[in-house]
Amino acid sequence: MRKSHWKRPFPLYPLLAGLIIVIAMLVRLFLTYQGWPQTNSDESTMGLIARHIAFNGEHPLVFYGQDYMGIGEAYVGALFFQFLGSTIFALRLGLIVIFVVFLIGMYILTTTLYNRPLAVLTVLLLSVGPYEVIFRQLMATGGYPEGLVFAIILLLFAYWLARQRLLQTNAHAEKWRYGYYLLWGVVAGLSVWSDLLMIPFVLTIGLFLVIFCQRTKQDWSRIPLVLLLSFVIGFSPCIINKVFAPPIPSGLQVIPIGQQQQNINKPKYTNDLGKAVKPPTIVEQIEGTILVSLPVSTGANAFCHLTADQAWPLSQQMSPYAVRCTAEHGIWGLVLIVLWCVACLLTLRRLMRLWVQPRSQEEGLAALRHSMLLTILICTGGTFLLYMFSASPAVVPWSSTRYLTGLFIATPVVLSPLWYAYYPFKYLKRWLNPIVFGIKYVVLLFALLVLLQGTVNTFKQIPGAQGGERQQQGFMTHLLQKNIVHIYSDYWTCNRTIFESNEQIICSVLDDQLQPGLNRYTPYAKTVASDKGASYAFHVASTPAKVFESHVNTRRYQRYIINGYVVYQPRLSR
């Protein structure tokens, strides 16, 4: 007679999640290898920081030209630079790793708080999306991708500590619990150093820790003190930079052209197209959030595509197509808000029942789990409200969607009302059941197909990105052939040109009125200012090109048209 052996159940859901994550990683690797998205000066600045870390022995603490925002992406990129060279592809490999860690973390978080099937669905929905979503995942512009990973770490760590406190079964955890609080606070400080948008998460999860981990009256003061001190340790790079770093210059004193423009009062608010707009109203802030920012940041633009200028501002001049898409986007945004509200109500109702019943250990664990769900809802709800009541959604609702990146943490919680197909009246269960479940699967399938379509459409943008890169490479090649290595240009040309030319071409930023602009790395501007033979390069027909033509004696310059740029090279340098 053969011995029967106990067999582990087939790990279907972990394997499904792993397969989805691998495919998502390969998709992003392919897009990056093909040169999508096209880089810009913000990302190139991160690349320059990584290069200076890897090869120049520099150790900056914050993003160049700012006194905030950490540069974890640059330090990760510097590791890849050591093996693959300083390229945009190598820089973005770090972000792909961060994204994979985020998906794994979301699977663990959802499995911990719900179940494995919902965790697989969550990973599936987060692994696809239109180009507006994938763009943020692959552009190394600082803070946003790693902020999601920090949020998951803080949530899981806090939940584990609170659970150990409730079970009281881990003597080792009890012995070292203040050390764990210290570690949590350091991670919290690092998360805020990386991205200030983490503040609502840190405050809310920190409050969860204080409430659920205290054992004695002294803990009410000790735990917050430990968390605060350790937070300062984690946030210390930003503090050190603030105290010891020299002030950021508003602009070099050396004005590069003889006939200067008078300083013009810049408008306080400018939209995504650079045009001045009036101060926003609360109504405009709410409209911009619900009709543009929230749907675009979560993938609605995949099923009814709009551009930034089509979507905002709202006006009677909008085309019928734009009106229809805006309405559909608004429905998408409202559905998400309703799902968030329903999740809040259901979580609160369950918590109230658990708190009034006799507290067994099982009920205590259920209360703890629902408290963590409520914590996630408060974190994301606070992020959403802080954004909605700022000027951004009324002024730049499209480009500011990056501030809503943290909302992805709430994906499983917002999906839960649909996933569990809740219904309010039990006596209607028999005839409502098919309807509720039908709506559930239709909505989930629609969302999945929309996001999947967005991913497919992203591949169609590869030729355009490659064409733009060829134009940039041709521009740099022509400059080097003419021995033009020091130029003045606009912000979006400068640091990209510096990075992609391997610092063979150094650029100093000018604004539209040819005044010193945002030079994030002052040595570059000083190098160009010291060269009397420095040239000027602007996009053809751009505002600075027109200002240069009308206010500078162009007879002193040799004029070239190079790959969409007009270049002025001083004749004295020839």
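One is the number of the first residue shown, and numbering goes on along the chain from there.
Glycine too: its Cβ is placed from the backbone N, Cα and C atoms.
Feature annotation from TrEMBL assigns transmembrane segment to 12-31 (among others). Outside the transmembrane segment (12-31), and at least 6 residues removed from its termini, the chain residues within Cβ reach (under 8 Å) are 37, 96, 99-100, 103-104, 107, 116-117, 119-120, 123-124, 127-128, 134, 137-138, 455, 458-459, 462.
Summarising the annotation, TrEMBL assigns domain 'Glycosyltransferase RgtA/B/C/D-like' to 74-240.
The transmembrane segment annotation in TrEMBL covers 89-108 (among others).
Sequence-distant neighbours of the transmembrane segment (114-131) (same chain, 6+ residues past either end, Cβ-Cβ under 8 Å): 13-14, 16-17, 20-21, 23-24, 37, 102-103, 106-108, 299, 301-302, 408, 411-412, 415-416, 419, 444, 447-448, 451-455, 457-458, 461. Taken from TrEMBL, the feature transmembrane segment covers 114-131 (among others).
According to TrEMBL, the feature transmembrane segment maps to 143-162 (among others).
The transmembrane segment annotation in TrEMBL covers 182-213 (among others). Through the fold, the transmembrane segment (182-213) approaches residues 68-70, 72, 142-144, 146-147, 150-151, 153-155, 157-158, 161-162, 165-166, 219-220, 223-224, 226-238, 368, 371-372, 375, 378-379, 382-383, 386, 403, 405-406, 409 of its own chain, all at least 6 residues removed from its boundaries and within a Cβ separation under 8 Å.
Annotation source TrEMBL lists transmembrane segment at 225-244 (among others).
Long-range Cβ contacts of the transmembrane segment (331-351) within its own chain (Cβ-Cβ under 8 Å, at least 6 residues beyond either end) map to 289-291, 294-295, 298, 300, 366-367, 370-371, 373-374, 377, 380-381, 410, 413-418, 422, 443. The feature transmembrane segment is assigned by TrEMBL to 331-351 (among others).
Taken from TrEMBL, the feature transmembrane segment covers 372-391 (among others).
Feature annotation from TrEMBL assigns transmembrane segment to 403-423 (among others).
Residues 27, 121, 124-125, 128-131, 133-134, 299-303, 335, 415, 418-419, 421, 423 of the same chain lie 6 or more positions beyond the ends of the transmembrane segment (435-456) yet place their CB under 8 Å from a CB of it. Annotation source TrEMBL lists transmembrane segment at 435-456 (among others).
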Which sequence-distant residues neighbour the transmembrane segment (403-423)? Criterion: at least 6 residues beyond either end, Cβ under 8 Å.
106, 109-110, 113-114, 118-119, 121-122, 125-126, 136, 144-145, 147-148, 151-152, 155, 197-198, 200-201, 293-294, 297-298, 336, 339-340, 342-343, 346-347, 373, 376-377, 379-380, 383-384, 387, 392, 429, 432-433, 436-437, 440, 443-444
Cβ-Cβ under 8 Å with the transmembrane segment (89-108): same-chain residues at least 6 beyond its ends:
14, 17, 20-21, 24-25, 28-29, 32-33, 43, 46-47, 50, 73, 76-77, 79-81, 83, 119-120, 122-123, 126-127, 137-140, 145-146, 148-149, 152-153, 156, 409, 411-412
Over the domain 'Glycosyltransferase RgtA/B/C/D-like' (74-240), what is the model's mean pLDDT?
88
